[in-house]
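Novice: Input: one structure, supplied below.
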């Protein structure tokens, strides 16, 4: 309820004075008015606000006051409960029906006189001379009796005739007639049929402050939204107050149309209409049928037409999600970049006689990725945001598969015709770029126009950048950065890094002197916890356990518990008794002694293994290995970052058609130290080997045992396949004996 109605306003009030009065209180200056409709003659007005909280503040301030110079003003919320569909359609029909029924009743009353009046008139009327004679009366009585007997005879004969004709066929005919008279199911209107065919809605009368995120959030309660498009003016760049919403399911679009039409959103009354299909998609929306054995909408197409349709479909699907790794780079560009730096040709770099070409290319890609990540960090990009499940921005585009030698000027010239650019980033290797637009409309237009477009000898792969990708909104490189500004930024970054480090216990503290605090308020921070507990005797440290925020990259969330350490175990015991039930930020604490290493185990289970320091394992599990990879390839690739103690590359038990046993697509590596394993995981987590992205994670100790068990199981299955007779005998053992016991029969 973000729309208010003001009653009992003075009739001399004008719109400008009314608006100024609404914004005059200091507490209401920050409110956003989205719509005002003043009707001075009727002394009321409608005012729309951005959200219900602002409307509530205004209502509490002006309700029952004399702020507008007239009588006492009454302020109330405008109800946005729309009439039901049946009431909308049948209200007029019901009123007409009621009036016509009343008219028929009046006519019927006029046509049917009162019975008592008729009886009175017959008594008061004189006797007819013809009826006074005895003969006439006798004949009249006989005629009356005769008529009564005839009528009685007819009435007695009707049931017999009905019973005679009441056979099954007649009953069925009457039943069918009754069914035909029943009301049929309501047919869908033309608007509803259009929505079911396109899954698209057109929304009007939006506030100019409406964003695609807020509108999508409002409509997404009825189903998944694939696209939200807010048109803007080509000259001023201001929104037009309209929007197009593309739903994933047509039923969800129809439900949103019925529920949200004529409702209030951000202080304005929405007008929801069915949206037409996008240009070029009318055929898909119209559906298809079969006539004379041929499918409508299909014809004999040439190879070129089919290829163009496939390309168009690929471009359309590319805008819906993440199709490539965020740091994907063209292998040819990587090789060219490294070869250029070394002063050699690509053929010399990838010479098969001098070493493994696949491993060389993978190591070169790893080097280029490290340089690119360092460049992006200096440019203010949050690397943690480059995850596939992070929400996507509407103004940032990642440009991948760029050929080597592309300059930042050529990249700017490619995207600038589609709109105003905020920033363009291109690392020294020139294999991955970032382009940010000022307007999401321009970014969408550029994405559609340049996706899968050829640039040099490569095809561009575009991906929408993640939300919160940049640390600051200001674009880097706008002006020369002074030495003082650079020092301030370095000092600020160092301070943030120091603050993010967890408090470590003093090595001189006794064992068992750390307490576990459960039930902390999620708003409680580590500095606040230290301030509250620092007065306790023997206090050493205090910290709130944090985890990364998946919705806001670079920020952290409280996990609702923490730890406090003391110098001695005796001090910890006294603090345990004092802190039990103690309230911090309105939450009562539950305190107990912490178990050594429990917090690390808890972090490993909940937080994952992203940083490597949360587990001390030296074993790494490598997934998504190409089946062509050999032990030599894997050993050469990983031995560049540490010494390997063991390497296991499981193979399939059943040989292929060529007679060789192919790998199963994963491997187990064991390094000498945990530091080497962590360094290898950090360096190779974005690397490709033979075109496949390597997926690295810490291996649990029990996984190898499971692999051995699976291997024994597969061996048993293969042995059973070879010994088919034994399997048949085991299937025929109906007495429930052991499978391995032989029954003495020979096959």
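Cβ atoms are placed via backbone N, Cα and C, with glycine included.
The model shown is predicted, which means the values in this text are computed figures rather than measured ones.
From Swiss-Prot, here are the annotated features:
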REGION    83-117  region 'Disordered'
REGION    129-169  region 'Disordered'
COMPBIAS  143-156  compositional bias 'Basic and acidic residues'
DOMAIN    199-277  domain 'RRM 2'
DOMAIN    395-467  domain 'RRM 3'
REGION    595-615  region 'Disordered'
COMPBIAS  597-614  compositional bias 'Basic and acidic residues'
REGION    718-747  region 'Disordered'
Novice: Which residue counts does DSSP give the domain 'RRM 2' (199-277) for helix, strand and coil?
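Specialist: Across the domain 'RRM 2' (199-277), the residues distribute as 22 helix, 25 strand, 32 coil.
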Novice: Along the domain 'RRM 2' (199-277), what average pLDDT does this model show?
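Specialist: Averaged over the domain 'RRM 2' (199-277), per-residue pLDDT gives 87.
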Novice: What are the helix, strand and coil residue counts for the domain 'RRM 3' (395-467) according to DSSP?
Specialist: 22 helix, 26 strand, 25 coil
